[in-house]
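Below is one structure, written out as C-alpha cells, with a few remarks after it.
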Amino acid sequence: DLLEGLENLEILDFQHNNLARLWKRANPGGPVNFLKGLSHLHILNLESNGLDEIPVGVFKNLFELKSINLGLNNLNKLEPFIFDDQTSLRSLNLQKNLITSVEKDVFGPPFQNLNSLDMRFNPFDCTCESISWFVNWINQTHTNISELSTHYLCNTPHHYYGFPLKLFDTSSCKDSAPFELLFIISTSMLLVFILVVLLIHIEGWRISFYWNVSVHRILGFKEIDTQAEQFEYTAYIIHAHKDRDWVWEHFSPMEEQDQSLKFCLEERDFEAGVLGLEAIVNSIKRSRKIIFVITHHLLKDPLCRR
C-alpha cells in the first residue's frame, strides 16, 4: 500500500535505499506487490539498494516501463520470466552486480526493443549454458552496449578469465536437448535390461514353467489324468547316494504310519540286474509323484549335473 493512489506516476526514483530489507519483510515467501497499480510507470530507478534478488511478480503488469535501473546491487541469479511484461523496455541498467549468466528465458522479452544496455562489471561465466545465447544476441543486435570490448569480460572458468565476452566462440555450443533425450532413453533401456537379467537369474525357473504352461494351453494340450492310472509307488525319491541313510531314516517311518504310502527307495525297490539309469526310468514310470531331496550332495552328483 506504499504507493497506493499514484496510478498516474511515471517516474519512480528509489535509489540508495534499503529496499532489500523491505522486499524480504513485506511478504516472506510470497510475491512483493509494492509496485502494483503503477500501470503508467515509465522510469524505475532502484540503483544501490542492496538487492540480491528480484521478488517474483514485482514487475508484473508494468507494461509501459521504458527504463529500469538495477545497477550497483548484489543481483546474482534472476528468476525466469521476471521481465516478461517489459517488452516495451528501451533502457536496462544492470551494471556492477554479480550476474554470471544471461539466459533467454530471463532476458528474451526485455531485450526485444532495447535501445541501451549496461551490464558492465559483472562476473560472467563463459560457458555454453550461461552466455551462448547472450553472445549471439550481442553479435546480432543494434542495441547500444557501451564499452563492450573492455568491460564485458569472462570471470569463469579459469582459462577464460579476462577474455572478452563478445569473442566467446559459440559454434561449439550445440543444442543439448537431443543428447539429453538420447541419454535418458539409453539409461532407461539399460535399467530395463538389468532388471530383466536379474529377474531371469532369480526367477528364471518360475518364468520358464509358466511360459511352458501357457504355450501348452494355447496349443490345446491337456494334463494327463493320473487318477485313471495304477501306480505301484506313491512317489519315487530322488536323492544323492550320500544321503541314503537320511532318506531311509525319514521316509520309512512315514510308510509305517500310513499304509497307503509306499515310496520307491533305490536300495530297497530297484529291480535286480537292471542298469542304473534304466532302473531310475522304470521306477519313475511306476510312481505317481517324484520327490527331490535337494542337498549339496545331490547338486554335485554327476548324474544330476548331466
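The backbone N, Cα and C atoms fix where each Cβ goes, and this holds for glycine too.
As given in TrEMBL:
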type     : residues : note
TRANSMEM : 181-202  : transmembrane segment
DOMAIN   : 231-306  : domain 'TIR'
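Restricting the average to the domain 'TIR' (231-306) gives a pLDDT of 84. Distant neighbours of the transmembrane segment (181-202): none; no residue of the same chain at least 6 beyond its ends has a Cβ under 8 Å from one of its Cβ atoms. Remark: secondary structure over the domain 'TIR' (231-306) totals 40 helix, 14 strand, 22 coil, with classes taken from DSSP.
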